[in-house]
C-alpha cells in the first residue's frame, strides 16, 4: 500500500573546506573537546576546527600525519580524559602500522605517543577504537601473510602491544567498537564477513571469544544499547542481532534481516548506523542529492520508522558522504564527504514535505533527531563508486 510520509528537513547552516588542497576528500569526523571537531582527509592530514564556524583553529593542522612510502592516515578517534595532564587527545591510525596520540592544544608539536604493532614490517592499520575509562586503545590490521591482528595497548605505555588476537579473522579488520556500558567487551568486524565479540580481560583468544556473527564483508558494525549488535556490509546489507551474553541463561531472539538498504530505503548507498539519543540509518542518494536519517525503533521489534525521516536536502551534491556526527545536545548534524567539505545542519521547523512511499501507513508524528526511543558522482557506475569509497580509508575492494 502506498502511503504519504513526512520528511522533516534539516537545513545546511554552514560549510567549510578546512583549507584542504583541491581534490581532497574527508574520511571521517570526531569530537575534540567541547567546542571543536577534528577530521582526517585524503591528503594525509589531521585538522581541528571550531564546531560552530567550521573554521580551522590556531595550530589546528598536522600534515603528513602517518609518513613514509607506506604512509597515510586511516582512522581517527577522540581520547578525552585519558591522561589527566593533557588536553583533549586525538588518536590516529595509519598505513605505516602505527597509532599516534595527539594533544589537541599543540598538535603541531608532533605526536605525544606512538604505538607500534611490531619492530619490522608492520601491517597497515584499518580500524581503531579507544576506551579511556580503562586506558585502552586497539587497532585492527589488514591481512598480511595470512594473518590479521587486533593489537591492544595501554594508553599510558606507548610502544609494543600489551596483547594481540590473531586468529579470529582471516581478512582485513575494518571495524572496532567497545560496548557502551561493559568496558571489557569489544566488537570487531572484517571483510571475511564475520563480526566477533570478545571479553578483553582474557588473553587467550579462544577463551575470550564470546560471539561470532556471519554477515558479509563488514563496512560498519557496533552496539545498539546494551543488548543488540548491528552489522552493515559493503554491499549495503543490514541486520540486527542479539548480543548473546554467556552469563545470562536465556533464549535469545532471532536476528532481524533488513536486506539491501538500497531497495529497502530507496537509496544509492549507506553511510553508517548512528547511535546518539536514538538510532538512525544514514543513507544517501547521489542521483537525488539527498541524505536521509531513518529512525530505527525497537518496539515491538527493530524496524524502520519511515514516517519520521529526517532529510538533508542537497547533502554533498553528487559526491558521497563519508562520515557523520549527531550532536543531540545542540540538535546539530555534521557531515563530511568526497567533495572535501564539512557541513553543519539544523532543523528547519517551518519546512515539512510530503512524499509518497511504499511503507505501511504510520502516524505523521514529528520527532526531533535526538528524541527517538532507543530499545561517487551520478555518472559513475556502481563499481567505480565503491572503489573510490573504500580504497583509501579502511575498506578493501571486493
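Including glycine, each Cβ sits where the backbone N, Cα and C put it.
Bear in mind that TrEMBL entries carry predicted annotations, made automatically and left uncurated.
Taken from TrEMBL, the feature compositional bias 'Basic and acidic residues' applies to 358-386.
The compositional bias 'Basic residues' annotation in TrEMBL covers 387-398.
Per TrEMBL, the feature region 'Disordered' maps to 354-398.
Under the heading repeat 'WD', TrEMBL lists 82-103 (among others). On the 0 to 100 pLDDT scale, the model's mean across the repeat 'WD' (82-103) is 87.
Taken from TrEMBL, the feature repeat 'WD' covers 166-199 (among others). Within the chain, the repeat 'WD' (166-199) has long-range Cβ neighbours (under 8 A, six or more residues past its boundaries) at 126-131, 133-134, 136, 138-143, 146-150, 205-206, 208-223, 225-226, 229, 231, 233-234, 241, 243, 394-396, 398.
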